[in-house]
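The ATP binding site annotation in Swiss-Prot covers Asn48, Arg50, Tyr330. Summarising the annotation, Swiss-Prot assigns transmembrane segment to 66-92, 143-171 and lists similarity to another entry as the type of evidence. Under the heading topological domain 'Extracellular', Swiss-Prot lists 93-116, 134-142, citing a curator's inference as support. Marked as intramembrane segment by Swiss-Prot: 117-133. Among the features that Swiss-Prot reports, motif 'Selectivity filter' is placed at 130-135, with the record citing a curator's inference. For Phe133, the entry in Swiss-Prot reads K(+) 2 binding site. Annotation comment: Swiss-Prot describes Thr341 as phosphothreonine, evidence class similarity to another entry. What Swiss-Prot lists as phosphoserine is Ser385.
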Amino acid sequence: MLSRKGIIPEEYVLTRLAEDPTEPRYRARERRARFVSKKGNCNVAHKNIREQGRFLQDVFTTLVDLKWPHTLLIFTMSFLCSWLLFAMVWWLIAFAHGDLAPGEGTTVPCVTSIHSFSSAFLFSIEVQVTIGFGGRMVTEECPLAILILIVQNIVGLMINAIMLGCIFMKTSQAHRRAETLIFSKHAVIALRHGRLCFMLRVGDLRKSMIISATIHMQVVRKTTSPEGEVVPLHQVDIPMENGVGGNSIFLVAPLIIYHVIDANSPLYDLGPSDLHHHQDLEIIVILEGVVETTGITTQARTSYLADEILWGHRFVPIVAEEDGRYSVDYSKFGNTIKVPTPLCTAHQLDEDHSLLDALTLASTRGPLRKRSVPVAKAKPRFSISPDSLS
């Protein structure tokens, strides 16, 4: 409407206003929701849980799983409620004994220097926190006051023990150690020993080792059974291998973990075109081991979607020997280079080995035959002008 009146030029009219409502509208395919995020968090929302009381049966685990603000709020309210509760008890004891009556009393009070609820509240804090100012004290006049003193001390010790244990468990949780276990941002598929392999790189930034480290991998995809049952998250275990074979790894330096795509692999019919079309595929990698310093089992997780798998790439070397020891350049941790790789599935490669022979023949031509050019006649491929240096 504004463009018709000449207020907004015609070329600045929004596309949404200019499109024909009778024409069908197309939109890009939405990206598949992750089952496990890149940082290892499970992308699952639990809804309509009826038996909420099950969480209260394990109060300690519930407190540890809560976020820090909620945990601190619960402990703060626990201290305040216990102080107020016992302050009311001390005030009632003083009121029943007549210690709150005005005037100089000839009888010995149950608790000295308690004249109001405020003084009873201060005495409750002094008893539970064991401050010991010395202005108020329990006398031998009331046995009930002695019993309440013992009960409040026990309650205070229990709250302190639970709070310290919860804080210790939250600060020493296993996932804190997993923050320094890193995975490559992309996974690659390339030839290794004449077979197509799915490869990724894993590393540990700390010097303290992960003992008995093992790595597992699962493929998660949406499948339909022959009976018509739709399984939205069908999980299939696939074997992972390293340089020494098996799932156990010695994670001192970054390692390239690979999976040989053979006839038993769920990636046997996966080709480069499937990756480009964002196939409904997610590969979850789980690294698990025991922390050397604490003895706690830790687990690091990540996942790779179809568009995060690079076909025909290989990781660059990052470990070098310098001054009698090995050094790791983490700036190249996720860097890859293109390598000759058949543009077919592992199934097609097993059926037609000529694809691999043709690829090997093509890769041996050209780069190995290097023309020798005399140094004196060699021409520079580029030159640096004085303007470029300024």
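Note: Cβ is positioned from N, Cα and C throughout, glycine not excepted.
Positions of the features from Swiss-Prot, shown on the structure.
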| residue | record | Cβ neighbours (10 Å) |
| --- | --- | --- |
| Asn48 | ATP binding site | 4 |
| Arg50 | ATP binding site | 6 |
| Phe133 | K(+) 2 binding site | 11 |
| Tyr330 | ATP binding site | 11 |
| Thr341 | phosphothreonine | 18 |
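Within the chain carrying the topological domain 'Extracellular' (93-116), a Cβ under 8 angstroms from the stretch's Cβ atoms is held by residues 123, 135-142, 144-145, 148, all 6 or more beyond its ends. Put simply, of the binding-site residues Asn48, Arg50, Phe133, the one whose Cα is nearest the Cα of Thr341 (phosphothreonine) is Asn48.
If you measure from the Cα atom of Arg50 (ATP binding site) to that of Phe133 (K(+) 2 binding site), you get 50 Å. Long-range contacts of the transmembrane segment (66-92) within the same chain: residues 100, 111, 114, 116-117, 120-121, 123-125, 127-128, 145, 148, 152, 155-156, 159, 163, 166-167, 170, each at least 6 residues beyond the stretch ends and with a Cβ under 8 Å from a Cβ of the stretch. DSSP classifies Tyr330 (ATP binding site) as helix under the three-state reduction. Maximum C-alpha to C-alpha distance over the listed ATP-binding residues Asn48, Arg50, Tyr330 is 48 Å.
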